[in-house]
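K.L.:
Dropping a structure here in structure tokens format, bear with me for questions.
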Amino acid sequence: MDYFLKYFLFLCNLVFTVLGLVVLGLGMWGLISKESFAQEKIGNIGTDPMLILVTLGFVLTTLCLSGCVGALRENCSLLKLFSAAVLVLITAQVLAAIMAYSLQDQVGGYLRSGMLAAMVRYQDDLDLRFITDEIQSNLQCCGADNYRDWELNIYYNCSAPGVLACGVPATCCVDPLENGTVWNSQCGLGAQLLDEFSAQSVIFLGGCLGGLSRWIEQHEGLIGTVGIVVLGVQILTLFITTRLLESIQWHKVYNMGIFPIKPQFCLCFHTNKT
């Protein structure tokens, strides 16, 4: 048995099993903290972004645990299941990369639709609010195309009855901190009523789609490198699993005493005695 392959595969899968449990725990914590299992919210749990973390964590934990136990116990069935799953995962990632490359001209449309949908549900979904706020504050932008996109939200629409009418979230503000210390959540009130010249000193006028596109262009090399490294690790894991399976099967044959019989030839010389 090649013990290096066995314990190397075991340790790698153990690390990713722990990582999967962490992701699963974060997803469950998010669902519980938002009371997504409450009777009035359980019907919308299928669209909860936290469900992505739960699914990813569960799949990663199950997959890596099978490889971990399979390597430690030298279980061929688990190792074959693990290698098949990794092969499917590699294939899916390659197909996804091909599709992303072929549909790169349509990525902008998908981003815009997603951004607008997040803005519509901004006040009702804590996850979408967090993501939208992070994008706007980090990229220093407001809305999808411009700050007036916030009129799509029923709370920020100018016809809304509340105090948020004709406003924008605080993450759109140029300086949301009063005196550099206190967060001013009302700095964007009435921003949609201002013309662009007056609004530019209060909020960011540009939309986030341009910022996202520029960020992707600036980091496409890093994104590609990370993708290649992740794919390479998976291919290496598949190779090691295959070698370990061959080693286990060879030792089983060896222990059973079954060896291929090599034909032996004997050259005999006959002499005639007179």
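Positions of Cβ are set from backbone N, Cα and C atoms, glycine also.
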K.L.:
Looking at 150-173, 222-245, which one is transmembrane segment according to TrEMBL?
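P.N.:
It is 222-245 that TrEMBL describes as transmembrane segment.
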K.L.:
Would you kindly list the residues that approach the transmembrane segment (222-245) from elsewhere in its chain, counting only those six or more residues past its ends and only Cβ-Cβ distances under 8 Å?
P.N.:
2, 5-6, 8-9, 12, 67, 71, 76, 79-80, 82-83, 86-87, 89-90, 93-94, 97, 216
K.L.:
Here the disulfide-bonded residues are C142, C158; which one has the lowest number of other Cβ atoms no more than 10 Å from its Cβ?
P.N.:
C158
